[in-house]
Every structure is written in C-alpha cells, then in structure tokens.
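Annotation source TrEMBL lists transmembrane segment at 28-53, 65-85, 97-115, 121-143, 155-177, 183-205, 313-331, 343-363, 451-477, 519-540. Per TrEMBL, the feature domain 'Major facilitator superfamily (MFS) profile' maps to 28-544.
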Amino acid sequence: MEGGYHADRTEFSDCWKITWRTPYIMRLALSAGIGGLLFGYDTGVISGALLYIREDFDEVDKKTWLQETIVSMAVAGAIAGAAIGGWISDSFGRKKSIIGADIVFFAGAIVMAAAPAPWVIIIGRILVGLGVGMASMTSPLYISESSPAKIRGALVSTNALLITGGQFLSYIINLLFTKAPGTWRWMLGVAGLPALIQFFLMMSLPESPRWLYRKNKVDEARSILEKIYPADQVEGEMKALQDSVEAEKAEDGELGDGFIPRLRGALQNKIVRRGLLAGVTVQITQQFVGINTVLYYSPTIVQFAGFASKQTALALSLVTSGLNFVGSMISMGFVDKYGRRRFMLVSLVGIIICLCALGGVFFKAAATAPAVSNFESTHFGGNTTCPAYISAPNAQSWSCMTCLKSPDCAFCSISTNKLLPGACLAATPEIRDSCRAEKRTWYSEGCPSRFGFLAVLFLGLYIICYSPGMGSVPWIVNSEIYPLKYRGTGGGIAAVTNWSANLLVSETFLTLTNALGSAWTFLLFAGFSAIGFVVIFFVVPETKGLPFEEVEKLLEKGFKPELPCCSRKEDGKKNQASSN
C-alpha cells in the first residue's frame, strides 16, 4: 500500500471545523483525492479480474508468466508515470497533470474492457499504470498546496485513506460482477468511471496557488487564497507563499537545475546518505514482506487454500481488504503516540509469525491432500484422464497435490465429500464443464482441505499486523528523515525504490509458488521480513516528535539502536525531565 503525509488526531479535529466553515477546501481535497481512489481500485481489481481472464483465455491460464505480466505491467507503467509526472506537474501545472492522468487512465480502462487478446490487456494495464503513477505524484501535491497549513496533513491523509478505500471498493465491484456477462471486462472497465468524474470536477477547479505564484501569476494565486482563507489571513499567507517560493528558487540555484546535480549533492552529503539508507530500507522491506502478493493475488491465494469457488475467493478477499482499510485508520490514531520505529518493529514480528503460520498451514494442507482414485479418474472416459497420471509408474501414490503439479492437469472432487479420493483429469474447458455438470468441484490452483479456513484466518491477521505498521509508517519516515533541501530528491529515490521492489515481487510470486510451492514461498517472505527487521533495528532511528533540525543532528551524530522496551523507558525519562 502506498501512503503519504501523516496527520494527528488534533489536526483531523481542526480539519472538520475549518472545512465545515469553508466547504470549498474539502471540495478541492476530495476532487484531487479521487486520484488515490484510482490508485487503490487498480491495485485491488486485478486480483479478482485475473480469475476470469484465465477462464476466458486458455493461454493465460496455462502460462504463469503471462498472469504475472498482466498484473505487474500496471506497476511498470506507474514507475514511468511517476517519473514523468513530476516534470509534467512542474511544467504545465498540477491541475493539468491530474487531468492528463485521468485521460490516460480512462483510455487504459476502455482498452482493457474491450481487449480481444491478452496482449491488449497488457497495453491497457500499462496505460492505467501511467495514469496511476502521474496521479500518485500530483494529487497529494495539489491537495497540500491548496490546503490551509493548519489542516494540511489531515487533508493529504484523505488521499491515503482513499487508496485503501479504493482497494476495498474494487473487491465489492468484483463481487457484483461475478454473475454478469463479461465479468472481468466490467470489473476493469468500471475503473474509468471515477477517472471521468475527476476529469469534470478538476475542469471546474483552479490551479494550485503555489504553482501559479512560482510562475509569476500572483493575482491568480491571491484570488484562490481568498477562497481558502479568511480575509484577515490572506496577506499573511501571501507573504508566507512569497518567502517559501523565493527560498525554493534560491535552493534550486544552490543545488543546480536538474535531477543529476541534486542526486550528486545528496550522495555527497553524509546526513542524506544515512537518511537514504533508512528511507530506502523501510521501502524495500515494505514490499518484501509480500504485501502486494496479497493485494494482487489474494483470491488466488484463497484458492491455493482449497476454496475453489471464485465467488467465495473474492468474498474472503474482501475481508482482507477491509482489514487493510481499518489498519490505515489505526495507524493515524496511534503512530504519534507509540513511535514510528517501534510500530514497524512490532508490525514485522506479527508479520513473521503470520507468514510462518501460513507456511505451516500450506504444508499441512499438502500433506493431507485427497488421494487420486483410478476409478474416478476414468469416470469421464479414457481421453479425459490426465496423461501424466496414466504414464506415471507410481500413479497409485498420487494425491491431489501431485496431480496439480503435473502440466495441464486438474483435480475433480466427488460431489458427496470433497476430501475423499477424486479424479486427476486433463485441464481443458470441456472436461472442466463435465466435472461441474455432475455437481463436483474443479480444483486447478489448490486442493480440498480441512485447514483452508486457517489460511484465511492467518491471511487476515497478516493484514492486521501489516497495515498500521509497515503499511503506513515507511511513508511517514520518508517524509521526516531527509534535510529540507533534499526532501524531494530523497523522497523520489525512495518512492522509485518502492515501485521497483513492488514490480519485482508481483512479477515473480506465481513463478515462486510453482517452483517452491505455496508453503515455501510464504516462508521465503518470512525470511525477507526477518532480514528487514534486523536492518531496520540497526539503521532506522526514531523520528517521533522530533523537529526536522533534530532529525538532522541525530543522523549527523549517527544512530545507535536500542530495544523498543528500553526506548519506552528512555522516552519516559525525557518526558519526566521536561516536566521538571
């Protein structure tokens, strides 16, 4: 999950009061925040759509790399979109950048919905990814620059909430269209609707006042500030805007124009290097705990656990998405109280336990998989039996798991009891339909298991552990860890690292499950999480409650790790000393 600026509870209280008096502010924030909704919807919708795409296109069903490419090309597009989004936003304005993102996203949604072949779906995924990347860069910026400073964090946080809200919405939409003709086409095509709504909303809204002032359109900037602030505060805000823009221009002159000079300056600075080590570490760890395998493939994972019905898999995945949304709100309420570093470390402990438990559940499910019956395997006729099963010298010892590991084979359970020996059949649409016609269940991803509910339980606990900690906090750390003049450069490097790690994980998950099995794949992610825990413990300082100047001093001096329990005692001593 991607996030952004963090706000505390006082800021949310002030936000409610100010936007109640000036609804125009909330209109600006929510209109731009639809970009976060698009981001979240695109992340979640493909997980359900993929189940039906595989059913419509036999080559997608048989080629794991094609499934991974359909999922991950949106991430590749987002990396490119984020890269060009900053330049478009600075050159042509935040408003035009968001409108451009809407056009690209809408075009991608239409291409996917009308796709006659898998390669056309991939083109559509790249287009929506470009739109998502542009929106992820520009929407928070537009909200931040068009919001009163006092409630800026709360309004920008609405963008992060809308991301998880968009993911939750996508699972609901997936469920609604499971019985509709065209299923996945509707699921992917509906994504164009919020983009269209945002397009028309943004057409009626102004440009960011900060961008206008930087482009010497002072009167236009003032007219927008007059709609946002009370009359007696407008002059003060204009003066603050002037000072900020002049400082920014001076900084541009000092660091040089362009990314390469800024990057060179950042890497030559000891404080920035240490900040980047911390910021990049938490972003890589966020992805390598395996979260986006859950978001992109959760219905498939549920099928691995033995729930063959696509509707059931989508319904259970809706629960995990809802927990992700709730976890984001928990983070907003408590991360300022308990600290960023502590939240991440505790989160990782829970993640490691849940991933190990998932590995254990899948090992147990594989060991107790139903046997293959020779009688059942020939029930539908000789040509329907899995060829590998027929030629196997040890066919009498085959189980459902052995059957599914064989190329082009699937398991058909008997109708009375799914856990009894069933048939190992050739995986063709015609044989699948024959199996279902006898009210049997067709398994192509996972086997019937009495332990499947435990996999769903630990998947939900995994999300509960992830979302408040490793889900939200890495973005908060990256908003605080860099010196002011390098904050854009450092944040950009960390964001690209996050997207790249996301691409790597989403492009390899199904390949890993085919090569290692579900159990070892989750244990591999547990190992990555343990490595992340160790590295975060040693290189990421606590930034809770520290002014930016104090964070710089902490990095310059060098960070010395201490256990969370000891950190809590130290915090208590500091608070006692300050009160005395």
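In case you wondered, yes, glycine gets a Cβ from its N, Cα and C as well.
Bear in mind that TrEMBL entries carry predicted annotations, made automatically and left uncurated.
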Item to check | Stretch with greatest number of CB pairs under 8 Å, the transmembrane segment (183-205) reference, 28-53, 65-85, 519-540 candidates | outcome: 28-53
Checklist outcome for this item: Maximum Cβ pairs under 8 Å to the transmembrane segment (451-477) among 65-85, 313-331, 343-363 is reached by 343-363
Item to check | Recorded stretch, among 28-53, 121-143, 313-331, 343-363, 519-540, maximising Cβ pairs under 8 Å relative to the transmembrane segment (65-85) | outcome: 121-143
Checklist entry - Averaged over the domain 'Major facilitator superfamily (MFS) profile' (28-544), what pLDDT does the prediction give? => result 84
Checklist entry - In terms of Cβ proximity under 8 Å, which residues at least six beyond the ends of the transmembrane segment (313-331) contact it? => result 1, 3, 44, 47-48, 51, 160-161, 164-165, 167-168, 170-172, 174-175, 178, 294-295, 298-300, 302-303, 307, 343, 456, 459-460, 463-464, 466-469, 471-473
